[in-house]
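Trainee: So TrEMBL lists the following for this protein:
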BINDING   37, 38, 103, 132  [4Fe-4S] cluster binding site
DOMAIN    37-146  domain 'NADH:ubiquinone oxidoreductase-like 20kDa subunit'
Ligand code: SF4
């Protein structure tokens with residue numbers, strides 16, 4: 001049967017990359033990664049009041065090997081930094097990172113020797129979420145914004161190349177605590 005005869009029944013043209021991107025963006029599995037008070041808001045996002053399950057990602061995985069999303073919720077101490085990186089390295093590709101709250105993004109008010117001044121020093125960050133702490137709705141909004149990135153992610157060797165470039169760019173970027181904004 002030719003395509004002209006099939007056309008009235010309807011057909012859809014797309015690419016494997018688009019289908020895979022759409023599927024991944026709708027079934028993200030976050031790794032359990034609560035570091036400080038922001039983690040309470042992250043946990044609240046999974047409760048019935050905020051119902052993160054509506055978006056298909058209420059199952060926080062206890063093993064990084066089951067997860068593709070790291071939500072760094074809270075300040076990262078220097079003692080904890082190698083652990084965070086180790087967990088990130090154990091997550092299979094492709095993977096994404098949300099830096100939740102000012103402490104994770106820039107050290108926040110903890111400008112001292114004990115706290116990493118931005119988790120982007122140790123892992124590449126895809127979304128920075130401001131606030132102290134950000135509300136659960138803000139976290140859900142950040143996850144929905146991340147979906148747009150996940151959906152347009154390339155596959156295979158293109159993905160590896162894109163991930164390598166993104167990590168290089170993220171690690172070379174100006175640390176957020178050095179960004180002065182209007183104070184420059
Ligand atoms: S941003 Fe605020 S709520 Fe989050 S870890 Fe820092 S102090 Fe705690």
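Placed from the backbone N, Cα and C atoms, the Cβ positions cover glycine too.
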Trainee: In DSSP terms, helix, strand or coil for residue 103 ([4Fe-4S] cluster binding site)?
Mentor: helix
Trainee: For the domain 'NADH:ubiquinone oxidoreductase-like 20kDa subunit' (37-146), what's the mean pLDDT in this predicted model?
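Mentor: Average per-residue pLDDT within the domain 'NADH:ubiquinone oxidoreductase-like 20kDa subunit' (37-146): 91.
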Trainee: Validating a neighbour-count step here. Other CB atoms within 10 A of the CB of residue 37 ([4Fe-4S] cluster binding site): how many?
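Mentor: There are 14 such Cβ atoms around residue 37 ([4Fe-4S] cluster binding site).
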Trainee: Could you work out which of the binding-site residues (38, 103, 132) has its C-beta surrounded by the smallest number of other C-beta atoms within 10 A?
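Mentor: Comparing Cβ neighbours within 10 Å for the binding-site residues 38, 103, 132, 132 has the fewest.
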Trainee: For the recorded [4Fe-4S] cluster site, whose residues are 37, 38, 103, 132, find every other residue on that chain with a C-beta no more than 8 angstroms from the centre of their C-beta atoms, and list them by sequence position.
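Mentor: Same chain, not in 37, 38, 103, 132, Cβ within 8 Å: 36, 73, 74, 75, 100, 101, 102, 104, 108, 131, 133.
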Trainee: Treating G and I as helix alongside H, and B as strand alongside E, what does DSSP give for the domain 'NADH:ubiquinone oxidoreductase-like 20kDa subunit' (37-146) in helix, strand and coil?
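Mentor: Across the domain 'NADH:ubiquinone oxidoreductase-like 20kDa subunit' (37-146), the residues distribute as 45 helix, 16 strand, 49 coil.
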